[in-house]
Amino acid sequence: MTDSWLTTPEPTGFGLDNLPYGTVVHGDRPPQIAIAIGGHAFPLGAAAEAGLFDGVLPDTGVLTAPNLDRLLAAGPAAWRAVRARATELLGSRSHAEAVRPLLVRLDAVSNPLPFTVADYVDFYSSREHAENLGRIFRPDSAPLLPNWTHLPIGYHGRSGTVVVSGTPIMRPHGQRLPAPGAEPVFGPTTRLDIEAEVGFVVGVPTRMGQTVSVDEFADHVFGAVLVNDWSARDIQAWEYQPLGPFLGKSFATSISPWIVPLEALAEARVAPPRQDPVPLPHLLGDHWGYDLSLRVDLNGTTVSRPPFAGLYWTPAQQLAHMTSNGASLRTGDLFASGTVSGPQPGQRGSLIELTWNGAEPVRLADGSTRGFLADGDTVVLGGSAPGRDGTRIGFGAVTGTIHSR
Ligand SMILES: O=C(O)/C=C/C(=O)CC(=O)CC(=O)O
Ligand SMILES: [Ca+2]
Ligand SMILES: [Mg+2]
């Protein structure tokens, strides 16, 4: 926040070098897009109507739209132009008089889903996570299947149940085996879990037959959000072979309301991990990882701090792989990294790993323990990245509370 004329009592991670985008509702005004700055939202619809973005984009409707769909589709040149103008408006004191009356405190707005989620893909790119799940689900086989080091494994999820932070999570019902070898029963999951992930939001679409190379990542991807891919482990374990996750993961996936633009993550780029074997050519190019630090809080107790930097497959490789067969992209496609787990036990991004399938429950600050989630539990995922000059780029948070139905 040091460069802005706005000051906030405590660092929010929403400084001038971040400027994440979301959708806000306040008062009687219909939803509009906004940028978060410090403890405030800067509504871009109102700003455009006040003439503050005149001449910045050929189509001002992009800024007065009810969500980010049109800005996502407008592409990198438009993203740069809006960001440059917002940086001027929020960074230079000469604009304070025009901007200040438009600002709304973040605690006075609600955040609808920031964009229309088109398709939703979930990868499986953390080697530590994949090995842990392999050991738990398939104890008699090698932890990694042979394809894992050759391509970013993923599956198509259910975009219609991607919800914004704060949306109540209904405990799913489904089939599970009450004991190994027993007959299946139907009822509420007894193994409700989280998955701490990072999701990337596609702006610029492609035609069918077109592919997106590793080098073209930034031509298509707008930014990143935190993702909690809620998972019912008992339903999953029974249903997943041979076609993969289905109802155990399709009931809800929560995302954080503010999309951090790729440009804000420039300082967070890190070299990708060494890949052995060297991937096939369609997965090679100029690519990088991101040094994002995640945090998982369960009812106010921090239970994990997953590091994103060590992920085996990078977001650019995920996108290249996802389009390598010629499948088209749509504006609003969301592809998530997969659960982020690091090598240390305190860095695991799911309860099934943290508690080793419930056998070693985690202890919370109130003295209670959890193998999996109980009704009434609240999970908050947070995240941040290094910014310029020692500052942090904040992702805000994605929260969800479990309800029975
Ligand atoms: O190994 C399995 O059978 C299942 C793995 C998962 O549940 C992981 C998944 O959804 C992808 C991810 O988040 O990494
Ligand atoms: Ca997942
Ligand atoms: Mg899900």
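Including glycine, each Cβ sits where the backbone N, Cα and C put it.
The feature active site, proton acceptor is assigned by TrEMBL to HIS129. In the three-state DSSP reading, HIS129 (active site, proton acceptor) counts as helix.
Per TrEMBL, the feature Ca(2+) binding site maps to ASP122, GLU195, GLU197, ASP229. Sequence-distant neighbours of ASP122 (Ca(2+) binding site) (same chain, 6+ residues apart, CB-CB distance under 8 A): GLY154, TYR155, GLY157, GLU197, ASP229, LYS249, THR253, PHE335, ALA336, GLY338. Under DSSP, ASP122 (Ca(2+) binding site) is assigned to a strand (E or B) in the three-state scheme.
A simple way to gauge crowding: the CB of ARG138 (substrate binding site) has 12 other CB atoms within 10 angstroms, across all the protein chains here. The substrate binding site annotation in TrEMBL covers TYR124, ARG138, GLN236, TYR240, THR339.
Per TrEMBL, Mg(2+) binding site is recorded for ASP229, LYS249, THR253.
The domain 'Fumarylacetoacetase N-terminal' feature in TrEMBL is assigned to 18-114.
As annotated by TrEMBL, domain 'Fumarylacetoacetase-like C-terminal' applies to 121-398.
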| remark: For the domain 'Fumarylacetoacetase N-terminal' (18-114), the DSSP helix/strand/coil residue counts are 45 helix, 18 strand, 34 coil
| query | Per the record, substrate is bound by TYR124, ARG138, GLN236, TYR240, THR339: how many Å separate the farthest pair of Cα atoms? | reply | 18
| If you average the pLDDT over the domain 'Fumarylacetoacetase N-terminal' (18-114), what number do you get? | 97
| query | GLN236, THR253, THR339: which of these binding-site residues has the sparsest Cβ neighbourhood within 10 Å? | reply | GLN236
